[in-house]
Structures are given as C-alpha cells and as structure tokens.
Amino acid sequence: MTDAKNNLLYFFDRPNEPCFMQKGEDKVVFEIPDHYYPDKYKSLSNTLSNRFGNEATKRIPIRNITLPNLEVPMQLPYNDQFSLFVPKHRTMAAKLIDIFMGMRDVEDLQSVCSYCQLRINPYMFNYCLSVAILHRPDTKGLSIPTFAETFPDKFMDSKVFLRAREVSNVVISGSRMPVNVPINYTANTTEPEQRVAYFREDIGINLHHWHWHLVYPFDSADRSIVNKDRRGELFYYMHQQIIGRYNVERMCNGLPQVKPFSDFSAPIEEGYFPKLDSQVASRTWPPRFAGSVFRNLDRTVDQVKIDVRKLFTWRDQFLEAIQKMAIKMPNGRELPLDEVTGIDMLGNLMESSIISPNRGYYGDLHNMGHVFAAYTHDPDHRHLEQFGVMGDSATAMRDPFFYRWHRFVDDVFNIYKEKLTPYTNERLDFPGVRVSSVGIEGARPNTLRTLWQQSTVELGRGLDFTPRGSVLARFTHLQHDEFQYVIEVNNTTGGNLMGTVRIFMAPKVDDNGQPMSFNKQRRLMIELDKFSQALRPGTNTIRRRSVDSSVTIPYERTFRNQSERPGDPGTAGAAEFDFCGCGWPHHMLIPKGTAQGYPVVLFVMISNWNNDRIEQDLVGSCNDAASYCGIRDRKYPDKQAMGYPFDRKMANDAATLSDFLRPNMAVRDCSIQFSDTTVERGQQG
C-alpha cells in the first residue's frame, strides 16, 4: 500500500506527458489497460507499451476498475486554462475531487488517476488530485510537489523556458548551468508599481497563495473538506495580513498605501503585462491595459453571464448585514453576528464558499471580483481570449489590482471589526506579568538588515517532452539576516505561569512621515511570531530565533529542495515525510526597508495562555506556520480573535500605540536597513 501511495506522486511529474511514458528519474512506467488509452493512441497501445516499458526500471500495473462518470470534469477542454474563481470550473473540480475522494483504496485511486491524466485538463487534474491527497486518510504524509516545480510557467518569465529547453537538449545532465530569471521583467522603472514587483512577483509568495487555497478549497461535494475550523475568519486574516505587508512594502519604497477598488464602475488605473506563457494552453497570458473597466460578462464557454451591477447589490447587502449585525438566512430569519463567530460567518459569505450561510442572497462578491478583473480584455469572448492572471490563485498576487481588490474586501471586514466593543483592560492585561523590554539581537542592536539573495528552483519536472535530468532556474528575491528577539519579563505572582507571546511590527510613521493614531497603525501591524512560553517566578529572559516564526515556512519547504528530502533525490519515495507547504515564505518575513533605515516599531504582548489555549493533541501535525494557515485536521491553536489585540479599534480615535500599552506589553523602535547587494543562498548573515 505504501508503494501505491508513493506512486501517486508520479502523476505530478511532467504533467503534459501521458502517464504511459516514463516518469521520474528512475524511469517508472504505468502499465494501463488497453481501453484506458485515449482514442488517438488506442491502435498503438502495444507499440507504446513496449516502447516505453522496455527501458523502464519499474513497472506499475494499473488495476482494471469500473470507471466513474467523468462527463462533468471533462467539459473543460484539455488545453484551456483552469480557474477556481469561475463557477463552472469550480463545479467541475468539485466533481473530480468527489470522484478521487470516493475511490475505495489507493489502488483504485491510482487507476482512476491514470485514466484521468490522459483526458482531464492538466491544471484541474493537478489541483483535484492535490486536494484529494491532502484530505484522504490513506494518503496523508505524502508531500505534494510544489506547483512551481510542476507548472513553472505560472511563476517566471516565459523566455526562461526557451533557454531551459535548449540547455536540456544540448547539455547532459550534471553539467547544466542554472538558467537566470531576471529580477525585473514585467515593466521598467518609469512604472511606479514596479518598485514593489519583487513582492508581487515573488515565487514564494505566489506559492503561498496557491497552497492556502489548496488547503482551503471553497467547493466540494464533501462538505468536511471545506468546513474547517474558523475557515472564514482565516480567509479574512490571511488576506488582511497580505494587505498589511504589501502596504508596508509600498511605504518602504516611497509609494502611498494601496487604494481600495470600491467603485466598480471606475477605470482601473494600473495596467499589468505579466510576461507569462501557459504551456498547457499554448497561449500568452493576456495583459490588462491601464484604464480598463469592469464590463458585463457574457461568456457562454465559461457559463458566466453577469451584470456589473450585481457586485454593487452584493456589496450593499453585505454592508447592510454589518450595520444590522445580523445576516439574512434563506428561511427569512436573521442570524446575529456576535463578536466571536461573526467574522467567521462574514468570511464565508465574502469568499464565498459552499458553507456561506446564504449564498443565494449575498452572492459571490470576492470570487466574482477576481473574475471581472480577469476578463476586462474580453468580457464577451469575442476574441476567444482566456482569463488574465487575476483568474488564477497561483498568479493573482502578481497583479497590482489584486491588492486594490483585497483592500476593498478588507475595508468591508474592518467596518464590522470597528463596530465591536474595544478590548477592555481585563481582556488585555495579564495580572502579575510585566514585560520590561523587548529588543532585537543581530549584527547591530534593534536593526534588521535586508538584501537580495539568489536561489534556485528545479524546472526539470515541468519541462515536458525534453531529455531528463535536473534543470535549475536561478532567481533573485528579498532576504534578511537572521536575528533573535530578546524579551525581559517579570512574573510577580510567586507561581509558575504560561503565557502566549505575540510579536508584531508596524511602520512608526505614515506615508507623509507623520505619527499615526492607533486605529491607523493597527491595520499595518504585521504578525511576526506567536508562541507559548513558561514563566517562572521572578525575572525571565526569553530568546526566540526569527527562523522559528509561527508565520513562515523555510525555503526548503516553500521550494521542496530535493536535497532536503530523505532517500534518493528525484524518487517518489523521497517525498514522503511530515511536511506542510502552507505558510508565508520565510525570506519575506521582514519588509525591504530603506538604505537609510526604515523606522518601525516592534511590539510584544504576553497574554494568559489559560485564556488562549485550545485543548488538542498536536503530535505529528503540521503546525509550524499556524498563524496564517491553521493546523491540518486540528482547531486553530489560539482561542483569541485572529490578529488580537489589533483586530479592534480603541474608543478614542486620537489615541496612539503608547496609550494602548498595558504592563504585559512593550515596544521598541527599530530600523530596517536595506543593502542593495546580492548574495548566493547560504551566504547571508
């Protein structure tokens, strides 16, 4: 059974090559029944089986099963793009996930996969199989290959692949030099938005967004796959933190905070030209010109027919629910939005997912915003164009408009949050615990250093129909020197205590260099870490390494570095180890800063663990990046609201962060200093 489970990973190898061809560096071949071959290969089944099987080092016989009805998922053409935001695509994917989840054992799943891989759109097949592997009890422990490894065309300049194919065909494996990905290739310096392209187009950040939506799908016949603990609240908080981080990056680069796109009839000021090619669709991703507008959609091929005015209706109904602090249910009654579960319900309404309390009334606001933005260039399909990057969770964060749309979404959530009663002293203080200081230890005290770093990602598994062997792409990304937090705490109770340490960071001044009120600064507070800590009586010195952040996952997990896997690199068996790919990339933990040193404030709070804890066993679970991703098959590991204590405003609009501080909190003025130098991975401090 273990072999059969591992064999599933071969379906991710070279996704456009038929599964009867050799897979993996160890030349594995699936021996499929004759009637599994598509019509174009049926007459050649024996020839193909012998051709690829003779050189195989391992043959995997495929069980002949009664095949399920694949009529619905096969409605998406093999060479089209696939979007979770398009309702028709969502329905097709939900059906395929249901089929994969319904297979009685791994052997049957392997069998239906071999049939589907030859017929189903590769993007949809990859997504649905990934969701099934994550959620089936008999496939847990499998590490799904990173999407950037399987479909690298979604993450980097299309010119890279011409060079990569040349290298693959001309140079033998083992002698190939990495192919360089330029750091700036979508615009030049006359475009102000290009100053933050390093953030928007970062491979790790886009992988995070893709993987988050993989862990939290919003449609499935199996409701339990979608209905995870505090899923709607996590949708709110993860995206709120993205907008907070993006705004801080903009401020570091002399740009104003991102403007919400709240007037759906207004022109979109920002254009975007992605410079990506789809290897499945054999098309260039369409651009969006500056000044584009949302237009009524009438795309029969996608079964999308919707008026822009519908967005206004859904928005107004959503705002009405917040004003009333109650949502309208399908039966006509009203369900109150309380301070504990209200944000979770609103998150499910906004996204929206199948667990939306009333999708018929509140609609599909967030998703359809993505769809309208993705089709500004061809709203009625007259030019036979497919959607732009806003239509794909793996590419959407590249587009400046993603942040304008999600700033609007976050502003709506914030209206609800501002209606909640400000936290009282009792909700904030931890009697007997006094934080006397917090600081950062690094090369220089309370100074964070950032720089450029070059790393590599494997392309070989995604280069279909080319000679085998490793082909690396070298790309440049932001990085920071590692550091540690030093927190001095005094426990005056005379007994042992447990606390939850919460660490945030925000700019010290606004876009104009002026001090910020608490209510403005709190929305720029980015979470850096959260962990439980024993506090013995008297003075405690807490040291916490930045690499242990509860927000991030390391480079090796973001990019599935083959050298870090157990076993022989390149084999399916090497991929099985306890792994979770959802988490903010660690190299983007700290904003870029400036050459002069960008002023930020570091905040630490220690709350009472007895008020925060969730009783559950976390042994063997993936829990090292829980802040933005939760924990697989467990409850969110913090009873407090996500973003606490900055998710609510203070009653006094003029109050500052210093007015907010309690004895169990401390702040420190710090600086982020950027050095415009580039180092190879492993060379930074």
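Cβ coordinates are placed from backbone N, Cα and C, and glycine is handled just like the others.
Marked as Cu cation A binding site by Swiss-Prot: His209, His213, His239. Taken residue by residue with DSSP, His213 (Cu cation A binding site) is part of a helix.
Neighbour density for Glu351 (active site, proton acceptor): within 10 A of its CB lie 24 other CB atoms from the protein chains shown. Per Swiss-Prot, active site, proton acceptor is recorded for Glu351, and the stated evidence type is similarity to another entry.
Residues annotated as Cu cation B binding site in Swiss-Prot, with experimental evidence given as evidence: His366, His370, His406. Every protein chain considered, the tally of other Cβ atoms within 10 Å of the Cβ of His370 (Cu cation B binding site) stands at 27.
Summarising the annotation, Swiss-Prot assigns disulfide bond to Cys580-Cys622 (among others) and lists experimental evidence as the type of evidence.
The disulfide bond annotation in Swiss-Prot covers Cys582-Cys629 (among others), and the record cites experimental evidence as its basis. When other Cβ atoms within 10 Å of the Cβ of Cys629 (disulfide bond) are tallied across all protein chains shown, the result is 26. The DSSP secondary structure for Cys629 (disulfide bond) is helix.
All protein chains shown were included, and the count of other CB atoms within 10 Å of the CB of Cys582 (disulfide bond) stands at 25. In the three-state DSSP scheme, Cys582 (disulfide bond) falls into the coil class.
Counting only the Cα atoms, the space from His213 (Cu cation A binding site) to His366 (Cu cation B binding site) is about 14 angstrom. When the Cα of His209 (Cu cation A binding site) is compared against those of the recorded positions Glu351, His366, Cys629, the shortest separation belongs to Cys629. Using Cα positions, the member of the recorded positions His239, Glu351, Cys582, Cys629 nearest to His406 (Cu cation B binding site) is identified as His239. Of the listed binding-site residues, namely His209, His406, the sparsest Cβ surroundings within 10 Å are found at His209.
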